[in-house]
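Over in Swiss-Prot, the protein carries these features:
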| type | residues | note |
| --- | --- | --- |
| BINDING | GLU67, ASP86, LEU88 | Mg(2+) 1 binding site |
| BINDING | ASP86, ASP89, GLU232 | Mg(2+) 2 binding site |
| BINDING | ASP89, GLY90, SER91, SER92, TYR195, LYS226 | substrate binding site |
Amino acid sequence: MQELNQIFNTIKDIAKEISEVIKYADLGYTTHENATGDTQLKLDVKSDEIITAKFKQLSCVKALISEEKEDELEINKNAKFIIAYDPLDGSSLVDVNFAVGSIFGIYEDEVKPENLIAAAYSIYGPRLELVIAEKKGALPKFYRLGKDGEFKFVKELELKEKGKLNATGATQKGWSQTHRNFINELFNEGYRLRYSGAMVSDLHQILLKGGGLFSYPATSDHPNGKLRVVFEVLPFAFIYENAKGATTDGKNQTLFDIKIEKIHQTTPCFFGSRDEISLLHKFYEQK
């Protein structure tokens, strides 16, 4: 646990540094693309550099996997923790001053769903906030940066059985009829649309408000979804399931049933309260 605490404390330091960089950084694009074909923002690259430099200082870190790196970066061959991360989720929204964040998954020895032992995310908005799921079976912990520059524990996060928020992503013209019917049912039941375009912000709102659904389905142009399994989807699945919520890819009972074949693999994904995920399964099983 001491080594994990070193990682958690490093994530806190990273969050504080990136939060400051965001305020004044150049928001322009580079001339490079990341491993999944997105043109990199200078802020993406800078955030990745900050995270890499911080984790290189820890002897317990075996390797790093980043959205902005083509391949796994080995740090200490004999260490046991692999950190997979999205350095700045929603970075294209910084220029309109929306909240964005960083996502971290901590794997032990090998990158497999069952080897994900902890996860965290930071959110850079009007306030700097952090959520850490320290271990399987424990409620995620919510922190907020205080006036003294240190993170203060606020509360543990637990989702209700049923929520009222509906954060629905992907281009609607590419939705399947099954997904369209499901989303229409949520709106017919009175769910409120809450979608910013930043995964961290939308999932954070559902967690803090107690429940609802975040969806990024398969579409006609992206049948395997767009969100990355290793450093976006599984870390949030770990957090949501430990907050007594549920997750799925629309086929499996949980996102942890996904088989990882490559580090930049994508998947359709759904996160939410148990009632919403149960309803989704009913619709998807009818197709």
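Easy rule for this one: first residue shown is 1, then count along the chain.
In case you wondered, yes, glycine gets a Cβ from its N, Cα and C as well.
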Among the binding-site residues ASP86, LEU88, GLY90, SER92, TYR195, which residue has its Cβ surrounded by the fewest other Cβ atoms within 10 Å? TYR195
Same chain, 6+ residues apart, C-beta under 8 Å of the C-beta of SER91 (substrate binding site), given in sequence order: LEU41, LEU43, ASP44, SER47, VAL100
Candidates TYR195, LYS226, GLU232 (binding-site residues); nearest Cα to LEU88 (Mg(2+) 1 binding site) turns out to be GLU232
Three-state secondary structure, which DSSP defines for LYS226 (substrate binding site): coil
Compute the mean position of the Cβ atoms of ASP86, ASP89, GLU232, which form the recorded Mg(2+) 2 site, and then list in sequence order the other residues of that chain whose Cβ is within 8 Å of it. GLU67, TYR85, GLY101, SER102, ILE103, MET199, VAL200, LEU227, ARG228, PHE231
Could you say whether, by DSSP, GLU232 (Mg(2+) 2 binding site) belongs to a helix, a strand or a coil region? helix
On the Cα atoms of ASP89, GLY90, SER91, SER92, TYR195, LYS226, which are listed as binding substrate, what is the maximum pairwise distance in Å? 16
Nonlocal neighbours by CB distance (under 8 Å) for ASP89 (Mg(2+) 2 binding site), same chain, sequence gap 6 or more: VAL100, GLY101, SER102, ILE103, ALA198, MET199, VAL200, GLU232
